[in-house]
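Engineer: If you scroll down you'll find the structure; I have some questions about it.
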Protein chains: 2
Amino acid sequence: MTIECGTERIAGCQFNLSVMSDDFINIILGSLDTTDMSKVWRDTDDVTTCVRGRVEHVFDVVKAVYLHAAKTGKHVEMSGTFSIGCPGDASGDTYMDTDAERMNAANTIGINQKAGCKFALYPMNTTKYMDVIYEQIDLSKARGVTVSPSHYSTRLDGEVNDIFNAMEEAFVSVQEAVSHTTMTFTISANSPSSRK
Amino acid sequence: MTIECGTERIAGCQFNLSVMSDDFINIILGSLDTTDMSKVWRDTDDVTTCVRGRVEHVFDVVKAVYLHAAKTGKHVEMSGTFSIGCPGDASGDTYMDTDAERMNAANTIGINQKAGCKFALYPMNTTKYMDVIYEQIDLSKARGVTVSPSHYSTRLDGEVNDIFNAMEEAFVSVQEAVSHTTMTFTISANSPSSRK
């Protein structure tokens with residue numbers, strides 16, 4: 001396998017959204033419906049939602065889904081895996097032929113919502129993966145978030161918009177250096193534990 | 001970095017448990033309290049719970065936490081990452097000096113609970129990671145579960161006990177071949193979508 005840096009590759013994210021409320025169905029479906037998914041391929045089943053397309057649109061959509069659920073004030077968690085360059089994820093997609101304008105930016109940038117998030121980057125297909133992580137990720141430049149270490153992950157605290165921006169920058173930076181990158185994350189807002 | 005196959009290494013899992021009910025606090029705390037965690041190191045914060053120790057006890061505990069929540073009949077999701085051999089996860093643990101008896105086996109084996117689960121294995125530190133996945137995982141022997149492909153993952157359907165057993169077998173098999181392995185999963189039970 002050759003590393004084709006600079007080639008635009010399809011990105012994706014498989015995630016699940018959990019709303020800790022008896023009203024979870026309306027909030028989850030409302031959040032998915034409110035989000036503009038016109039620039040991504042999308043599939044939802046009983047376990048996860050998967051979106052695929054250009055990397056900026058994948059992040060735009062996942063962030064919007066989370067914000068529209070979290071802004072209800074309910075305790076909302078999302079876990080997922082971003083992926084780019086997966087050898088098993090090659091064909092059948094027309095969603096790369098689109099421009100870079102983020103469809104959900106205008107509707108989400110004004111939403112103020114604090115959260116805590118743990119994420120981990122996995123550069124695949126390399127024996128220098130720890131070097132890649134250390135060299136490519138510079139979270140000191142991440143604006144608006146507090147960064148702290150956690151087991152198997154890095155923790156970010158701050159506004160949801162800033163957290164997703166920091167994760168996107170780290171993901172894009174790492175994927176430029178390796179052929180296949182995945183990134184896991186779990187983000188939590190309005191937890192009774194964090195209200196203390 | 002050398003691969004030390006055969007050396008017993010500390011395993012861990014960082015997971016979040018989501019209960020889609022107004023009663024989520026009682027169910028989550030009850031599930032964590034009902035699970036015997038005496039053979040694992042454990043840390044819970046507002047985003048995740050992390051358990052670490054011998055691989056069989058890590059799986060025993062995570063499965064028990066999920067089952068005790070899911071048996072309430074509420075829509076319960078868990079996402080997490082199992083890890084073994086992480087270079088950043090080396091010291092300070094006495095939980096490896098214990099026997100193999102699973103503390104939660106007796107209290108969970110009789111719980112019948114259907115679920116759907118998506119999981120993905122990431123053998124790190126190798127350029128042959130796809131070969132490792134194809135060679136080491138033989139889900140055709142997994143008893144009691146239906147196996148199907150999904151984007152970025154493999155889907156398992158069946159009893160929760162059988163699903164976790166299948167994931168444990170796959171994880172243990174892969175970690176014998178590489179120095180650092182992670183495995184992500186999302187499991188969902190009692191979803192209104194799957195009751196159709």
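From the backbone N, Cα and C atoms, a Cβ is placed for every residue, glycine too.
Grabbed the feature section from TrEMBL, which reads as follows:
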{"type": "DOMAIN", "residues": "A:10-89", "note": "domain 'Thiamin/hydroxymethyl pyrimidine-binding YkoF putative'"}
{"type": "DOMAIN", "residues": "A:115-193", "note": "domain 'Thiamin/hydroxymethyl pyrimidine-binding YkoF putative'"}
Engineer: With DSSP, how much of the domain 'Thiamin/hydroxymethyl pyrimidine-binding YkoF putative' (A:115-193) is helix, how much strand and how much coil, in residues?
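Structural biologist: Residue counts for the domain 'Thiamin/hydroxymethyl pyrimidine-binding YkoF putative' (A:115-193) by secondary structure: 27 helix, 33 strand, 19 coil.
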Engineer: DSSP helix, strand and coil counts for the domain 'Thiamin/hydroxymethyl pyrimidine-binding YkoF putative' (A:10-89)?
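Structural biologist: Each residue of the domain 'Thiamin/hydroxymethyl pyrimidine-binding YkoF putative' (A:10-89) counted once, the result is 27 helix, 27 strand, 26 coil.
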